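Novice: Quick one: structure below, then a few questions.
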């Protein structure tokens, strides 16, 4: 039995919109509108979706960087009782010893590193928060962490701007693991990097996960990247999670029409000659007023009556595969019939 | 392995902070206006320091009191005794100009120092924590903001009574609003920066975040403004002196010297510029002093322009 | 196939405070009529600089130092060198024969002008004469534009002959006379509505009155495409046109480009860092590294049998559907072009680097049929020219 | 939009209330006798100050006094001005037109000249023109208004004898004062009233007296506007949409006039409030030096004579003008930048 590390139940994050003479709340942006998700120890869960679907918000809400506005996020320590971290303040979390266990690596390493701090101090900061070390011990520890991410002692006394993009992201990773976390949210960690450097970082992250027994939540819009690094994938659309399943299963046997559209839209770098794809009509609806019923029905090529009325629940169809679609049984056949696509692997 | 390998050997010896400082200075002084500004300011600093030697005070206990020989209102042209002549009331212009430099620095440093300290402290706290403190402070700033500097400063001077000290207090009481606004908007931008969020995630306390992450990255606009303000505060103070709200008659202050010269800007019909020296010397001092600070501020703005900042 | 555009030894430098950035170093490339050409490379390798140099829209501190850009609009005609043309002649070519789509639709549209105006501008710059003739005919046919119609008719006939005449510009400053071009502007707006409608945007009449911030990213990109297509260009340059879009929107745009290619445009130069996009949409590809072209040829040829070590490494470093084993990455990072490496610019990172590579810059040579490579190692391997 | 304007009007009331408390608080440091002057409206009343102190409770707690004072202000009783020797409310109409006249002539010049110079030096960055305007701007910014005005007076009045201080020449002023039936002061501004009364000579004379004040005002205020416009223009000219326009085939003039300029105006509008404040401050110095009896002169004079009621009223008035002009600026903002929705 795999051990859970985080369990999200109906997690919500609404951003209020103010208006009127007295700036009262008139509406809210439903960036994250109630998602249920279990994250297991040691896995790398990929969260994919288009911009504005709430994947980054999910990442920030599960580690309580942006406090969720509703729902619970249960954290299961290695040994001990689960804690609901949604709604805890940073200070409370620090006291309970969980703040540093949940870390994050941001998208753009140029903005996530303080430009006026030396690398030595950047990496030392999380260590100093946890234990009192002498200057020499601290430096030795910083160097050992830098070496884990492929940097060395000679990089200690430099400013972030003196590094290339890939190296900066290594520093950001080093800072995250310096806090000795169990769980790291990776928010598009490679999308600001060059193609040739992306592979370095992906391989580094993968080996760190195995060596340090970490759990990742890998947020990205790039499906091939997520296929390479993740063990399990959650697909999001407009603030909801619509499909979760193990990576290989998703590419072999997707069940949601939106997943089909995403997968067929990936430009394949291998020259195959066949490239039929599902082109969705229109745009993603506004998260201010999400559509009734199934959120995808406005763009779904296989939409039927019930989709407009009733919102489908995320149901387990076996093999760790969950999907939220009224027509999940027939989608694969419909796709093959209309677009001539069967499988993406 | 990376781009800076060639520079490694050169850079290995100096401390990185020193290297940064050098780089910043080079960037500032690439701009000729910075050079001119610093030269002007060094000149004034020199004059201020050497004041007792250039113009030995007559009254040792009150060096700011301008000595005067007689009470005749008609100014006297430059002579061997008074190199720059004497102004109305027979005050020695050279003496006034030299000791007025000290007055100008006093005004600038005290006003900018106080306003900057108060403004930055309040602005950082309000911007970082937000909430009711921010709300109340910003509404208060809105109120103070709606009266222009000069009008409000005049009113405060009237309320507290005239005098140079009260001018300084009045200007500081008005000018802090600028620093609050500037630093607060910087802090608001920084508060959502990823490196600040990362620090929060690591459990770093708010105090440390402010000191380590927020202040070092938001202080430059304040420095630029402080530099510009050194000049503009001296302008405002000298105008208040000129109007007659400043120090008592005979105090070495450029604004007052211009006021003393006011009735002599137009001489007799046959020689309309007869009394040029009465306004020229104090006037040129004010202009060059302000110009020096403005040139420096302008160069700082160019040097710290975030759009030109290297990545 | 006839050659449409050739860049020869194109060299562009940027004069920055840190030093001279040698962004393009004797760059050579040629595009055929009717071809979709993909130019790939990592960020900072000079893809955008290349096309901006070709169109001469490089911004300060960039300076085109040398080379030639030969352009022959009709197949078989004598090419003209775009770098030799006067600025005014160049204005006539930009947006008319060659047009461009930019990466960031948010930044590429002017936030304070309406969508309609921004599209109509293309017609006003290049079709004023044609539209004026049309309106003159209409006036002769009895259509009236108020009391001053005869006067406008006279001015429009001048515009029909020389739309950029100084006389008309002077008139545009005089209160009543300045309204002569209202019918032209209306006509341009009608055409804008037309072309926006053709790109598959619902109710174009309403869209033209909106401002860019009202539209979604995909819509904005369509508008940018509409601007570029307005005058039926011979060559469409798409600079990272889909990179910042979501997968499903990217699919829409790529399909749109594909459809348009069949209908109206002669050639497309597609610039991207996404190898997948090139593989799926292009016929030919050029691979760029640090301001030089390393390899060019048919897509299938280059992608399945790459000869340049950089292309080989790049292809193994991107994740694929059928990923086997670990991704391979290229050691090190892109060089700082203020101090470009001597000889072949890839040699410090190249696993196959030889002594010669750091001394001598390799020439682009045809090592297989239609497959050009600039690499000493590949040359030695394949053994000379075809 | 409506909600926004309503909110701003409420804000205006709030700010005026705040200003009144601030000013009242500041001036309550005076003795009751001094403060009594704020309620005096005729010279007769001034004789029995103790009565007024009693009547308005000037020895009572400060909030009671404030209430009484606000009550008086609401009735239009702003007190007695020592400097003007008449009630403040009446004196106001005497002084205000002079200041308005100065700014009516100076502001359009500031806007036109500032935007033009800023655009040109931004477009032709690092050219000779750019460098010279930049130097001129920074020197202009460093010139204290009163000093600059004095220098102008020295040259144009003292040396060249072209323009003189004051509002009108003394003969004309005397004539106007002695013939109130022949010269009706419709607007209070001589340059306009001269035309309305069929006396172009008065208009010309008034304009002659306006040249130096307007010049001073323009030079001091224009520097800021120019600098902001220049940097806005430089920034906009490097944006991607400029390249798009260029790639469309636009000529250089269309690019900067049609595309960049309107965007560059947006940051200018954000400093418009500062420009208004600068003009107000400038007016004080200009009027003091050129001896023009306007609001600024009145304020400075009142400050030196500790004429408290005037200070209070002028502060309130300036606050009102400032908040209203900021409201107008915000609406202009929404007009220039379609991305702003006032909600």
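Cβ coordinates come from backbone N, Cα and C, glycine included.
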Novice: If you check TrEMBL, which stretch out of D:175-201, D:310-336 is marked transmembrane segment?
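Specialist: Spelled out, TrEMBL records transmembrane segment over residues D:310-336, not the other listed ranges.
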Novice: TrEMBL tags one of D:210-229, D:230-249 as transmembrane segment - which one?
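Specialist: My reading of TrEMBL: the transmembrane segment range is D:210-229.
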Novice: Using Cβ atoms and a strict cutoff of less than 8 Å, what residues sit near the transmembrane segment (D:210-229) while being 6 or more residues removed from its termini?
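Specialist: For the transmembrane segment (D:210-229), the list is 101-103, 105-106, 109-111, 113-115, 117-119, 121-122, 133, 136-138, 140-141, 143, 145, 148-149, 152-153, 156-157, 163, 165, 191, 264-265, 267-268, 271, 274-275, 278-279, 282-283, 285-287, 289-290, 292.
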Novice: What residues elsewhere in the chain lie close to the transmembrane segment (D:9-30), defined as a C-beta under 8 angstroms and at least 6 residues from its ends?
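Specialist: For the transmembrane segment (D:9-30), the list is 62, 65-66, 69-70, 73, 308, 311-312, 315-316, 319-320, 323-324, 327.
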Novice: Which residues, given as numbers and ranges, are at least 6 beyond the ends of the transmembrane segment (D:135-160) yet have a Cβ under 8 Å from it?
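Specialist: Sequence-distant neighbours of the transmembrane segment (D:135-160): 212-213, 215-216, 219-220, 222-224, 226-227, 281-282, 285-286, 288-290.
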Novice: Going along the chain, which residues at least six beyond the ends of the transmembrane segment (D:102-123) come within the CB cut-off of under 8 Å?
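Specialist: Contacts of the transmembrane segment (D:102-123) (Cβ under 8 Å, skipping residues fewer than 6 from its ends): 129-130, 133-134, 189, 191, 210, 213-214, 217-218, 221-222, 225-234, 237, 256, 260-261, 264-265, 268, 275, 279, 283, 286-287, 292, 294.
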